[in-house]
Every structure is written in C-alpha cells, then in structure tokens.
Amino acid sequence: FIQDFSKAMSQAGSSQFQEVIRQELEYSMKVELDKILATAHSNELEHTKKDLEGFKKLFHRFLQEKGPSVDWGKIQRPPEDSIQPYEKIKARGLPDNIASVLNKLVVVKLNGGLGTSMGCKGPKSLIGVRNENTFLDLTVQQIEHLNKSYNTDVPLVLMNSFNTDDDTKKILQKYSHSRVKIYTFNQSRYPRINKETLLPIAKDVSYSGENTECWYPPGHGDIYASFYNSGLLDNLIAEGKEYIFVSNIDNLGATVDLYILNHLMNPPNGKRCEFVMEVTNKTRADVKGGTLTQYENKLRLVEIAQVPKAHVDEFKSVSKFKIFNTNNLWIALSAIKRLQEKNAIDMEIIVNPKTLDGGLNVIQLETAVGAAIKSFENSLGINVPRSRFLPVKTTSDLLLVMSNLYSLNAGSLTMSEKREFPTVPLVKLGSSFTKVQDYLRRFESIPDMLELDHLTVSGDVTFGKNVSLKGTVIIIANHGDRIDIPAGALLENKIVSGNLRILDH
C-alpha cells in the first residue's frame, strides 16, 4: 500500500490529490485513536490522551515528509570552533567551588530498554555487569561517590518506558538509604501501525498479554515532551538545577565529567551553551554512528537513516566524517522548557520497521534525543576520549567490561594501567554466546585479556578457569564439534579449530 501510495503521489503530481489522501489517512487515524481512547479507565484517561495527542502530531509530520530529510548538497563540515577537543576543555582546570557547580546538575539515564537482545527478561539496567553489580547499581554508586566527595546533592532521574517502569521501581527500594535522590518519569506509549493500512493494530488501551506487541516507546527523542509533561522539569528548575547530563544507562563510560560541567557553567566567552554533544573519533566499528555536520548554519546530527542511498558509503567513510555521537548530552533545563512550550523542538522522524511474531509487518515512528541539537542556541560538540563511550549492547561487550582490562572504582570503570594500548580489543563471540545465561555458562572464569588484540569465537566452545588470551586468537568449533579450552591455558596468536588442535597463528 505504501509503495502504491507513493507511486500514485509521484504520478499524480497534483498537490491537491496528495493532500486529499493525506487528509483521509489522518482522519482514519483519528477515528481509530478515538476508539482506543474510549476504552481507557478514568484513572488512565489523562496520560493516554497526552500520549495519543503526541502520537497524532508525529503521524501528521510523518505524512508530510518525503524520503530522507537531508539535502546532501547542503551538508558541510562543522566550523573549527564548533567541535572542541576535550584536552582544551580540560586544560582550563576546575574552579575552587566545584560543589556549587555540581549542585546545578541533574544526571538523567535513558532506562527504557529491555535486555531482550541479550536473552534477558526485564529492564536491561538490571543485568549484572561487574562483581554482581548491575548497570543501575554502578550508576547509583558513581553519583553517591560524587555527592559524598563534594558534599553535594546531584539527583538521578531515570526515564523509564512502560516496559521497564514496574521492575525498576521495585528495585529502587534497595537504594532508599543511599545518598542519591532518585526520580523516575515515563516515556510515552505509542501505538504501532500496520505497514499496509497505516492504522494502529491496537483495539484498546491495554498493553498486557497479547496486546504487548501493539505498543512501543517512541525512542529517546521523547525525553523532552515526557520530562516536561511529568512536571519533574519544573520541579528541578524550582530547586535551582540548570543542566541535565543525559546518557544511555548501558554506556558505562558516561560518568559525570567535571571539566565539561565547568565549561558549561563558566563559559570562556561568557555565552552559555544550551546543548553540548559528546562526540568521539570513529573506528571501523562505528561507521553507522550519527555524525555532527554543519547544515543551514546550525550544527546538525545526521543519522544513517537520513542519508540518500547514493551517499551512504560516503557517510560511512572514516576520512570524511571522522566523529560520531556518543549520546552523552548536556542540556540546559531552561532551554528545554522554553522550546517545549513553543513546540519548537524539531527532530527528524525515524521510521523503524518491525515484523511481529505472527508475521505482521508494522512500523513505529521514533525520534532521537540528539537530533534536537539544531533547535538549541549556541550548541557545541566536544570531542571526548573513546573511554567515555563504553556501551554494552552484546555479550561480546560484556566480556570486555567484566575482564581485567578494566578496574572498578566507586562505580566507574577505568582501563587498567597494565594495558599497553589505549584501544579495546575487538571481540566477536558467536551465536552460542548471545544469551547472557549461555555466555556465563561457557566461561568458568573470565580470561586474562590484558594483551589481547582480537578474539573470534564460533560454535560450541567453553573456557576453563584462568585462561590467558594474547594477540589474535580465533577459536572455531565446526558444527557437531565441541572445543573445551582447558583451565590455565595460554593462547597467544593461535587458531584453534575442529576438535581442539592448537595451531600457531
């Protein structure tokens, strides 16, 4: 239907005809949303109404926009001073009264994601990462350490989704005696739409049982509206807070950086930034990451989904676009309030196609938090060390952060001084390791990886206790074979294949 629709659009060429189709689609959507709203109980009516209003706006914009939303010819390299090297920010040092600067800060973690990609039920933030500590434990420890060290009151705010809210709230009770105030608010809940009819697949507001697949949280770009609607934004402003530091809860490198905070609060030219995006240099592994460009005299985040097909390879090139967005962002609270009240936060729509268990093709309309950079005044990129980007998306990432490559101190992971190279080894664990419980079963203890450059593991492989991996190690168990790396083994530049024959690499 979408293809026919767009074909008809282009052939007709008449804007009147296009407008008629758009209006019909919007009208049909409104009818369906009203039906859904009519099934809400009085206690959920207000927030369901807000959610569906927000969705209607997004759907309206989706129907207006055509194809990739950037004009490739207008993309320019950002001016020199618009992306500052971290070293320059750090060289300014810190003020004597660091506590007064910290007391203006709120830490916000994006906590809407489930651990499904790693085979876990429930919120991803509750997966054990290091010495039994979860992502959430480490976050609380970091902020508590700050508050104790400087005698400050930096609160933690979690943006949950309807998928993670209940489980997260249950677990928060265990921090009731910690020195961190913890607040939560929820992302919106939007209806998934049928790819063919462009109508919602939900028939009522419930989202349990068979209805769980009918709804989705619309990406982290939803933070501005949800934060504002929750009332929490106003409360924090009233308490004298001025900036939020936003990051993904699974990025273990995203700790509060005092130098960046000082740069925001005491800008060298007297003019404060409303939005700072931490970027870092691309490696071959990051070619798909969104990049900062200059576009119509504004800094703009360009994601791969917005790039016209003919230019995707150019976009991925490490030589032309050298940096990518870490999604560590520092944003002025007053600016969020101002822009939200004017309805002036402009973020490109990401159309995310999904296939449900029953085979139905749906699309969900999403936005990304960093895309709003162009709506803020005096935005800045800061090119930070790679160590501030340490996301744990897979068990391969988990292996790195559990290993002796890192040491843990007050909730923060730092690369071990014994590692000679500042870069992380490239680790690729095969599909037998995808689920956390399988992964844990296959390692009796985490190997020594201090001198590892590259590890590839494929097939049915297990590791005994106290294994050491150095250089390039490739372990491939063919279908039907099993390889058990014996306890205490040292593998240096080795290929192990078949039935545990150890060859020099």
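Placement of Cβ uses the backbone N, Cα and C atoms for every residue, glycine included.
Just so you know, TrEMBL annotations are computer predictions that nobody has curated.
TrEMBL has this to say about the protein:
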| type | residues | note |
| --- | --- | --- |
| BINDING | K124, Q187, G219, D250, K393 | UTP binding site |
| BINDING | H220 | substrate binding site |
_Closest of K124, Q187, D250, K393 to H220 (substrate binding site), Cα positions, binding-site residues only_ = Q187
_Fewest Cβ neighbours within 10 Å, where candidates are the binding-site residues K124, H220, K393_ = K393
*Which one of these binding-site residues has the most other Cβ atoms within 10 Å of its own Cβ: Q187, G219?*
Q187
*Using all protein chains in view, find how many other C-beta atoms are within 10 Å of the C-beta of D250 (UTP binding site).*
22
*Would you work out the biggest C-alpha to C-alpha distance among K124, Q187, G219, D250, K393, the residues that bind UTP according to the record, and give it in angstrom as a whole number?*
21
